[in-house]
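See below for the structure under consideration.
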Ligand code: NAI
């Protein structure tokens, strides 16, 4: 059956399928989920709109959701993160051909413009039968934001006006809403009313959800997947430990050993970033605003100081804060020749790229896609990776399969929870019960040859837990 989609090149599907096959072996959690839930089809009737980096690992997630009965439409949550062969393979599907695609509608390609990005998001939210989506799987909250903003304008009877936007990207969002509301004045409230819930992948998206909940603006229940222990303490940390140096190396081929690297933020992502750079022999300096994280960094052996003190002497600068304006245009102008600047926090505003472009006399030279030399009027230059967007996905291929299996198994379980037990989740933001978190970890032990010790009945009673878990209280921090 013909269906709508937009990807770079369907002839890449065979390569994509081969990599998906290898990834499946590295994603035991997702494959176990297929085996456990496939026969009962808990997601039958679910129409899931997904907005999450369209990579090989995400392909295994998408096909797991389909194996559990869901209908799916997908976009990337970043303009540079799509792996075109993975997108093609998902559209073609395991049994289709490029001439006869039989998979899942995907709207994503590497190197979208911002206009294209938001167009893709709207396409995936617009179900051809007019009856979907009824679930969102989000990463960073852009799909959730579009539905909420659209519904907000509708309820207020207001017309979105792009000229009131405070950024180029928000102007694009307002323009899209203006056009879509002119065509269908009830589009976004209708979509919002059908949605049973959203499962959110990352720290930044979760922050947005709690904010909407606090302000009484949240329109449907949400599961915070990020704060499953088997997500943020694994993907954010061990994932970045792999994919950050991968991105720096693929982008620049620079030797990290001996360099001075600054990591801004020492949360879960910052911890993985600092460890990776130290592992390559860099001398790592951390910046933090939180005294607890700053003390952790110091105890872990890093120098902790302010950016101003090292901006002129360090070689590599990586932002991991989820905050904005961490590296300003003035900072970048003061950096030494060929300093490398990159971000792995969710949005591109950690580094003031707009301010950099406005510096008089500055010249942007493309070395290759997602690697740019910015030459200042005095002749010295810096290298910026992925235009300030997630460099581990823009310059490399994101986190590897095994760690994403942990994150995505949480995603699948969260989708099943919200879709099959709506009465247990009134509008609000939830985390998965610890017993399910432990289950996700358990599914990944065999592959690593881990032998788990079993509590005796007496030991379980002594520490006050069930032999089968959960083993920790909810306030335990790992
Ligand atoms: P987190 O909240 O654990 O860590 C952020 C840290 O930055 C905190 O310790 C905070 O105190 C610190 N911080 C805030 N403002 C700062 C400032 N002005 N200067 C220095 N430090 C500052 O968050 P997490 O989980 O580490 O995530 C960070 C970002 O990375 C989020 O945007 C998240 O969505 C994103 N992320 C990216 C991934 C990737 O693949 N690139 C994977 C997972 C998360």
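Cβ atoms are placed via backbone N, Cα and C, with glycine included.
Annotation source TrEMBL lists substrate binding site at 55, 139, 201, 231, 235. For 202-204, 236, 265-272, 288, 293, 323, 392, 399, the entry in TrEMBL reads NAD(+) binding site. Under the heading domain 'S-adenosyl-L-homocysteine hydrolase NAD binding', TrEMBL lists 236-398.
Features recorded in TrEMBL, as mapped to the structure shown.
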| residue | record | DSSP class |
| --- | --- | --- |
| 55 | substrate binding site | coil |
| 139 | substrate binding site | coil |
| 201 | substrate binding site | coil |
| 231 | substrate binding site | helix |
| 236 | NAD(+) binding site | helix |
| 267 | NAD(+) binding site | coil |
| 392 | NAD(+) binding site | helix |
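Every protein chain shown contributes to the tally, and the Cβ of residue 392 (NAD(+) binding site) ends up with 28 other Cβ atoms within 10 Å. Just so you know, of the binding-site residues 267, 270, the Cβ with the fewest other Cβ atoms around it within 10 Å is the one at 267.
Listed in sequence order, the binding-site residues among 139, 201, 231, 267, 288 whose CB lies under 6 angstroms from an atom of ligand 1 come out as 267, 288. Across the residues of the domain 'S-adenosyl-L-homocysteine hydrolase NAD binding' (236-398), the predicted structure has a mean pLDDT of 98. Here the C-alpha separation of residue 235 (substrate binding site) and residue 202 (NAD(+) binding site) works out to 10 Å. Taking the Cα of residue 236 (NAD(+) binding site) as the reference point, the closest of the binding-site residues 55, 139, 201 is 201.
Distance between Cα atoms for residue 202 (NAD(+) binding site) and residue 55 (substrate binding site): 16 Å, as a whole number. Taking all protein chains in view, 23 other C-beta atoms sit within 10 angstroms of the C-beta of residue 288 (NAD(+) binding site). Within 10 Å of the C-beta of residue 231 (substrate binding site) we count 30 further C-beta atoms, all protein chains included. Taking a C-beta cut-off of under 8 angstroms and a sequence separation of 6 or more, residue 201 (substrate binding site) has the following same-chain neighbours: 52, 137, 138, 139, 140, 225, 226, 231, 407, 411. According to DSSP, residue 288 (NAD(+) binding site) sits in a coil region rather than a helix or strand. Residue 139 (substrate binding site) has a Cβ environment of 26 other Cβ atoms inside 10 Å.
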